[in-house]
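Working notes for the structure below.
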Amino acid sequence: MAEAEDSPGEQEATSSKPLFAGLSDVSISQDIPIEGEITIPSGTRAQECDSSTLNESIRRTIMRDLKAVGRKFMHVLYPRKSNTLLRDWDLWGPLILCVSLALMLQKSSVEGKRDGGSPEFAEVFVIIWFGAVTITLNSKLLGGNISFFQSLCVLGYCVLPLNIAMLICRLLLLAGQGPINFMIRLFVVLVMFAWSVIASTAFLADCQPPNRKALAVYPVFLFYFVVSWMILTFTP
Amino acid sequence: MATQAAPASGVRNGAGPEWGGFEENIQGGGSAVIDMENMDDTSGSSFEDMGELHQRLREEEVDADAAAAEEEDGEFLGMKGFKGQLSRQVADQMWQAGKRQASKAFSLYANIDILRPYFDVEPAQVRSRLLESMIPIKMVNFPQKVAGELYGPLMLVFTLVAILLHGMKTSDTIIREGTLMGTAIGTCFGYWLGVSSFIYFLAYLCNAQITMLQMLALLGYGLFGHCIVLFITYNIHLHALFYLFWLLLGGLSTLRMVAVLVSRTVGPTQRLLLCGTLAALHMLFLLYLHFAYHKVVEGILDTLEGPNIPPMQRVPRDIPAVLPAAKLPVAVVNATAKAIAVTLQSH
């Protein structure tokens, strides 16, 4: 919408430019560079947006978004000091991760559904979003200077290691259950749990007052603990 | 906003059926317009003024409604009047929707700001308060201090929810996760909020000096003992150990709360009533969480699901005791057979 509205405005500006350009030349000569500085960047930005969204193929648009999501995945896997994840947040990645985790935690057999025991799709979904919202509100209440959706985005993206753990667990469960199998799964889940917590605190802790980092990290720890515990106790 | 409301009031004045009431109408409409303009001035200033503004607008709206009701009694409803009403209705609707949205956003924003002081703690403070929650202080003559803070209690309740979930999963329960998750959250928050408000009500009756916030903080930190006990005993299944912890840790945290309440109440009867209720509730809650919780849930599930027995089910039958002398071994054999059958079915 905003981009579409920008372009007519820009056209108007260009069409009306010859009308007023001479006038400004005549009256105040030193105002010209300032005017140029102000109008040119906004014009080029609008043009760039126009060309990228309207003229390109749908495939390229989707690929661009997917690439952005993938880049953020890499940021989670190699947590380093960078605020790309914070600056341009999106909720696509969290949605993808949440849905895939919920699907993997679903029991396939009819017997499993009858017995219960498996967390259901809606429940995993609710736990992840409700937990993320709770942590976000908590960090806001503690005086953090992070926006609501930025925090949701970070918490959602940092479920990625746990997704990987879930994938490995499902593969291991194909081989059959046993104490050794369980020990391997426990190890994998613990490592991925630590990874999730470290990655999310690397992004979130900077937004908290320095003396309260521990208070903000504790609910994050609890949240990922519950999720990883659900993964560990899962049996198909 | 003002531009929408102002023509509406103007039309209303113009379509007034009786010119006798003209002056009143003008006055009412005029004042409304002036107020709207004032509002328009302030609306640009800052977001903090929204509360005051909101209140003023509500008063105004009541005025306008009263005026509208007066006017609708008139018999004359010409085309102009109809149009005026229509436009006014549309404007009213838009105004209402906008106002609802704004007030909702405002209330959310304001609520966060209102709650912020209660979360103003340092990690060291939380640590010391957690430790203090297990140390009863025998000081009865002077009211003991209770920190009005909600971060620690809230986190303890969430921790208790997680521990309960863990306990339910590891216990031999028919696990219906959705139900259990909801039940765990409901139980913990229900206990915290429900018992706090109940004790607060009792304290009000018994003339104890305690506020709702202090009660919430006191009971919330009292749950620290519960968390430790349940976390240990869900993993180490020993009844003797549980009773020891129940008396020791649960008793200490209960004593601490009782000591605080005693120091803030006057009169032996009131003290006995208040502290007896709180101690009984707190200790029984721990017992309940440890023993009866998952069984209650199981029972509910059974009644909900109804007769859901699989058709082909092997039931171990008793081996007939032929000789009276062989009764004891037969009983043992039966018991083992049943145990094996149960374990087989559960797998």
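Backbone N, Cα and C define each Cβ position, glycine as well.
Values in this document were obtained by computation on a predicted structure and should not be read as measured data.
According to Swiss-Prot, the N-acetylalanine annotation covers A:Ala2, on the basis of similarity to another entry.
According to Swiss-Prot, the feature phosphoserine maps to A:Ser7, an assignment based on a large-scale study or a structure entry.
Among the features that Swiss-Prot reports, topological domain 'Cytoplasmic' is placed at A:2-84 (among others), with the record citing similarity to another entry.
Look at Swiss-Prot and you will find A:106-116 (among others) tagged as topological domain 'Lumenal', backed by a curator's inference.
Secondary structure of the topological domain 'Cytoplasmic' (A:138-147), assigned with DSSP and counted as helix (H, G, I), strand (E, B) and coil, comes to 4 helix, 0 strand, 6 coil. Per Swiss-Prot, topological domain 'Cytoplasmic' is recorded for A:138-147 (among others).
According to DSSP, the topological domain 'Lumenal' (A:169-185) comprises 13 helix, 0 strand, 4 coil. Summarising the annotation, Swiss-Prot assigns topological domain 'Lumenal' to A:169-185 (among others).
Per DSSP, the topological domain 'Cytoplasmic' (A:207-213) is made up of 5 helix, 0 strand, 2 coil. Feature annotation from Swiss-Prot assigns topological domain 'Cytoplasmic' to A:207-213 (among others).
Taken from Swiss-Prot, the feature transmembrane segment covers A:85-105 (among others), and the record attributes it to sequence analysis.
Marked as transmembrane segment by Swiss-Prot on the basis of sequence analysis: A:117-137 (among others).
The annotation transmembrane segment is assigned in Swiss-Prot to A:148-168 (among others) on the grounds of sequence analysis.
According to Swiss-Prot, the transmembrane segment annotation covers A:186-206 (among others).
If you look up Swiss-Prot, you'll see A:214-234 (among others) marked as transmembrane segment.
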Q.
I'm a bit unsure how to read this: which one of A:85-105, A:148-168, A:186-206 has the highest number of Cβ pairs shorter than 8 Å with the transmembrane segment (A:214-234)?
A. A:186-206
Q) Do any residues of this chain, six or more beyond the ends of the topological domain 'Cytoplasmic' (A:138-147), have a C-beta under 8 angstroms from a C-beta of it, and if so which? A) 86, 89, 204, 207-209, 212, 215-216, 219
